[in-house]
Ligand code: 5GP
């Protein structure tokens, strides 16, 4: 998605060898116009997949996921990292190792929001090592729901996330694909949409 690539070039900051900081439009401050355009793009790609729910993970997956859900006119449910005392119902859980925070989170979704009747589009902000994606796919599978695909805002091609997802038979659609960081600059590979 050209608009997203331009924004990454303009506002993204490369940290070290493998991290991109995009806190001015995606992971901290959120640009709603860009999110709406991305949501629309995901919706176009998956319009015939019979999606009944968009699933994501807090915190930075929520913004793109809610705009995808809005464009598809289906609910969005996000996996929570800490158990709230109001979550007294049965939960489906999975362990997710966080690439940026270097901690393992037990993430969960309430059983009442994900069932075998659902067809799910999983959406997240980044695809790096595939840990968040794997944890979310595990939860969707445990619920007995069907997985339509994984919608990613920014994929880092030089990390093994996509391979892991595709080995599970999951279709991956990334709006921006980063081939590499060269001298602090982003080099793009061809995006999926
Ligand atoms: P994975 O589980 O695929 O290794 O990483 C996915 C998660 O790590 C994403 O949900 C995202 O929050 C975070 N992440 C991975 N790489 C980056 C990065 O380069 N920049 C930022 N801001 N977050 C990242």
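From the backbone N, Cα and C atoms, a Cβ is placed for every residue, glycine too.
Copied over from TrEMBL:
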BINDING   20, 27, 156  xanthine binding site
BINDING   128, 129, 130, 131, 132  5-phospho-alpha-D-ribose 1-diphosphate binding site
DOMAIN    36-157  domain 'Phosphoribosyltransferase'
Which same-chain residues, if any, lie at least 6 apart from residue 156 (xanthine binding site) yet have Cβ under 8 Å of it: 18, 20, 126, 127, 128, 178
Site of maximum Cβ density within 10 Å, from binding-site residues 27, 129: 27
Model confidence over the domain 'Phosphoribosyltransferase' (36-157), averaged pLDDT: 95
Nearest-integer angstrom distance between the alpha carbons (Cα) of residue 130 (5-phospho-alpha-D-ribose 1-diphosphate binding site) and residue 27 (xanthine binding site): 18
Max CA-CA distance, Å, over listed xanthine-binding residues 20, 27, 156: 16
Residue, out of the binding-site residues 20, 132, whose Cβ gathers the largest set of other Cβ atoms within 10 Å: 132
Near-site residues: 5-phospho-alpha-D-ribose 1-diphosphate, ref 128, 129, 130, 131, 132, CB cutoff 8 A to centroid: 97, 99, 126, 127, 133, 134, 159, 161, 164
In the chain carrying residue 131 (5-phospho-alpha-D-ribose 1-diphosphate binding site), residues 6 or more apart in sequence that have Cβ under 8 angstroms from it: 96, 97, 98, 99
Surrounding CB atoms that lie within 10 Å of the CB of residue 128 (5-phospho-alpha-D-ribose 1-diphosphate binding site), all protein chains: 22
Tally of DSSP helical, extended and coil residues in the domain 'Phosphoribosyltransferase' (36-157): 36 helix, 44 strand, 42 coil
Residue pair residue 132 (5-phospho-alpha-D-ribose 1-diphosphate binding site), residue 27 (xanthine binding site) - Cα distance, angstrom, rounded: 15
